[in-house]
Amino acid sequence: MKYLAGDFDVVVIGAGHAGCEAALASARMGCKTLICTMNLDSIALMACNPNIGGTAKGHLVREIDALGGEMGINIDHTFIQSRMLNTSKGPAVHSLRAQADKKRYSERMKHLLEKEDNVVLRQLEVIEIDVEDNEVKGVLTKNGAYFTTKAIILCTGTYLKGKIIIGDIIYSSGPSGLYPANDLSQSLLDLGINLRRFKTGTPARINKRSVDFSKMIEQPGDEKIVPFSFIHNKLDKDQISCYLTYTSEETHKIIHQNIHRSPLYNGSIEGVGPRYCPSIEDKIVRFPDKDKHQIFIEPEGENTEELYVGGMSSSLPEDVQIKMYRSVPGLENAEILRTAYAIEYDCIDPQQLDLTLEFKNINGLYGAGQFNGSSGYEEAAAQGLIAGINAVLKIKEKNPLILKRSDAYIGVLIDDLVTKGTNEPYRMMTSRAEYRLLLRQDNADLRLTELGYKVGLVKEDRYNKFLNRKKNVENEIERLRNMQITGKREINEFLLEKGSTELKKPISLYELIKRPELDYFKVEPLDDKRPSLSDDEKEEINIIAKYEGYINKQLEQVEQFKKYEDRLIPKSINYLDIKGLRLEAIQKLEKIKPINIGQASRISGVSPADISVLLIYMERKNREN
């Protein structure tokens with residue numbers, strides 16, 4: 001029986017990585033927030049890989065942290081190994097990655113929600129969204145509880161009509177054996193929301209006692225641990241190693257012999273899977289010339305023997321999986337604790353959303369995470385944070401927070417989803433960002449903390465720490481520019497020793513650092529007035545000096561980009577009135593409703609000629625008005 005159970009400013013449906021960030025942001029910005037989850041023990045669940053960060057994803061975590069989100073702080077408290085990836089490449093692609101203690105990560109996030117003043121956490125299944133006159137009114141749960149609200153954020157992950165597939169065994173389920181949400185999809189369809197089916201998968205988990213690590217390559221953590229969160233100066237912890245092994249000729253033979261039993265190839269799987277995270281059977285079919293594939297053996301926590309077999313997700317039948325895993329060097333006696341599986345689920349076409357992550361046709365309804373067609377914990381958390389912030393800003397009748405592509409990877413992520421859409425689970429990559437030298441993980445706080453402070457998520461002590469770091473970096477760069485180095489004998493000897501050329505005339509220390517064979521750290525013996533700075537401040541100064549020319553070029557490109565981004569398109573525009581626009585362009589522009597010319601130019605099917613026609617039309621209208 002339906003009953004009125006309470007009134008909230010914001011209701012968050014789902015407590016995965018998107019839901020947790022959305023609820024915490026909403027509550028910390030002063031809104032009374034209800035977060036509903038199918039199971040209180042699955043909050044911030046890592047249903048697949050036991051790590052946070054990695055290439056481009058580490059950038060997202062740093063940006064979440066800079067804006068006042070929780071993911072970076074949570075992983076800093078619960079990691080068991082930390083590594084900086086891509087250190088042999090330029091700073092634009094340096095990416096922090098940490099192995100998590102999955103259980104502790106989840107437990108700490110759950111405890112944060114329980115302690116947060118403005119959060120009410122409930123184990124409930126929402127089955128219906130109540131909308132009147134295109135505006136959200138409330139949610140109904142399976143228990144009959146009805147909650148009124150001003151905003152709803154859908155963070156349903158892979159639960160909507162979830163379906164587990166292992167060979168020819170198919171059954172209704174959420175991830176990791178949890179219950180699926182089978183009723184909410186129909187409510188969304190009734191509201192006119194377009195749904196689609198996507199697929200993802202996860203590898204088996206095996207018992208550590210059954211693994212022969214002597215046949216594998218050990219991958220320890222970095223000696224110097226770099227925190228994800230800018231609030232942490234240093235972290236120290238005994239780390240647990242990961243291990244690298246490879247598939248064998250026998251692995252490939254077993255898969256080829258049983259490929260007809262794979263749901264991927266016999267038609268059992270309808271959902272579209274992630275291009276950049278294929279199953280092992282998909283890799284072997286798609287890349288027949290490769291005689292082996294990397295397999296990463298990763299611990300799932302400090303107090304468990306479970307190991308994650310990274311790079312070997314599968315939906316093959318269980319009997320085939322056993323043979324397949326045991327054909328990998330070091331896994332000959334592997335005991336499978338959890339079988340690998342594929343999972344299909346309902347999600348939306350994200351082009352139904354605007355850049356705030358609110359549905360265009362339903363006021364107060366937002367989407368975040370895998371529900372929006374993305375993949376990955378970090379992508380989900382980033383969207384949850386932005387959806388939570390914007391839901392509150394709208395309730396408070398303030399301007400929304402819309403990050404541009406030149407502001408953050410989060411801006412690229414949301415713009416790609418909303419403007420371009422996606423036909424497969426979307427994964428963030430550094431190659432998607434046009435201005436990646438400006439969007440480095442090391443400067444995320446310098447780019448975004450001011451915004452986090454303005455919306456109320458970054459508190460005073462954190463903000464003061466940020467201002468101090470910013471001031472230290474600026475002051476040191478100014479000092480280096482003004483400090484002249486002359487060609488004294490001892491200085492030239494030092495330079496020759498470093499493989500550099502002698503000085504013929506005075507030069508600033510800042511210019512000297514730019515030499516390829518030198519950097520801020522190497523010239524310290526020439527700098528007796530160097531102030532005491534933190535490691536991250538030193539790194540920031542070094543990057544700014546070394547890459548100044550490239551950075552300035554990208555800043556010029558951003559200025560060109562902003563000319564289009566600043567040309568706002570009137571909400572009242574009728575594209576049918578614009579003579580010269582092609583039919584496809586009219587249809588796409590009507591569907592996506594871009595807010596500016598820049599966004600319009602990135603829509604697939606809208607040509608440069610269409611943009612020219614649109615600009616001429618807007619100029620004419622401006623003159624008429």
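All positions are counted from 1 along the displayed chain.
Positions of Cβ are set from backbone N, Cα and C atoms, glycine also.
Per Swiss-Prot, FAD binding site is recorded for Gly14, Ala15, Gly16, His17, Ala18, Gly19. Feature annotation from Swiss-Prot assigns NAD(+) binding site to 273-287.
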Which of the listed binding-site residues (His17, Arg275, Lys283) has the least company, meaning the fewest other Cβ atoms within 10 Å of its Cβ?
Arg275
Same chain, 6+ residues apart, C-beta under 8 Å of the C-beta of Gly16 (FAD binding site), given in sequence order:
Ser42, Ile43, Ala44, Leu45, Cys155, Gly157, Gly369, Gln370, Tyr377, Ala380
Fewest other Cβ atoms within 10 Å: which of the binding-site residues Gly14, Gly19, Gly273 wins that one? Let me know.
Gly273
May I ask you to report the DSSP-based helix, strand or coil state of Glu281 (NAD(+) binding site)?
helix
Quick check on the binding-site residues Ala18, Cys277: which one has the highest count of other Cβ atoms within 10 Å of its Cβ?
Ala18
Within 10 Å of its Cβ, which one of these binding-site residues (Ala15, Val285) has the largest number of other Cβ atoms?
Ala15
Once Gly14, Ala15, Gly16, His17, Ala18, Gly19 are set aside, which residues in the chain still have Cβ within 8 Å of the Cβ centroid of the FAD site?
Val12, Cys20, Glu21, Ala22, Thr37, Ile43, Ala44, Cys155, Gly157, Ala368, Gly369, Ala380, Gly384
If you compare CA-to-CA distances from Gly14 (FAD binding site) to each of the binding-site residues Gly273, Arg275, Ser279, Glu281, Lys283, which comes out shortest?
Gly273
Under 8 Å Cβ-Cβ from Ser279 (NAD(+) binding site), six or more apart in the same chain: what's there?
Gly201, Leu264, Gly273, Ser313, Ser314, Ser315, Ala342
Hey, of Arg275, Cys277, Glu281, Lys283, Val285, Phe287, which of those binding-site residues are within 10 Å of Ala18 (FAD binding site), Cα to Cα?
none
Whole-number Å distance between the CA of Gly19 (FAD binding site) and the CA of Arg275 (NAD(+) binding site)?
25
Return the residues near Glu281 (NAD(+) binding site), defined as same-chain residues 6+ apart in sequence whose C-beta is under 8 angstroms from its C-beta, sorted by sequence, else 'none'.
Ile255, Ile259, Ser262, Leu264, Tyr265, Ser314, Ser315, Leu316
Taking DSSP three-state, what's Arg275 (NAD(+) binding site) in: helix, strand or coil?
coil
Tell me the Cα distance separating His17 (FAD binding site) from Phe287 (NAD(+) binding site), rounded to the nearest angstrom.
33
Quick check: of the binding-site residues listed here (Arg275, Cys277, Lys283, Val285), which one has the Cα closest to that of His17 (FAD binding site)?
Cys277
Where His17 (FAD binding site) sits in the secondary structure, as DSSP reduces it to three classes:
helix
